[in-house]
């Protein structure tokens, strides 16, 4: 009667369960290894894992492309890349025209023109303040964007915010309160008769 609730399985029963658990553990380890392998393959295809030499090479190629490109500002919103290409065709062979758009597909009003020759950039800069679709274009050499190097712009003082200095915080000189710690003098209003007090 005392041993009714105790399950007394033989040694064979526990060995079968142990073997089954080992088999499942082996399957899970194999699946995890396959997942890791697939993840590494996807990252390699996406190019997110770059070796330092590859990253330096891509930065160098980006700088080389940027040296052959110009920034074109104040581009009309109805302008097409073909029209921009025709406008800069006199400077040299145009490789690519990129008109930047916002997330809704509307043009932002500026473009990048990439040439095949570096000399064409100087010719294109001469087209600064030329007109396209009745708007004066702003043409300048494209600068290479360096990730993480944001240019600091000082904030202009706002009179509505008050004039605060950017110096380090200096605590006011310590004074003992004449009324005691935490005590503040109470200013009473002139008493007026009230029947409710």
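Just so it is clear, glycine is given a Cβ too, placed from its N, Cα and C backbone atoms.
Annotated in TrEMBL:
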type	residues	note
COMPBIAS	50-60	compositional bias 'Polar residues'
DOMAIN	68-144	domain 'RRM'
REGION	42-64	region 'Disordered'
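In the domain 'RRM' (68-144), the DSSP tally of helix, strand and coil residues is 14 helix, 30 strand, 33 coil. A mean pLDDT of 93 is what the model gives for the domain 'RRM' (68-144).
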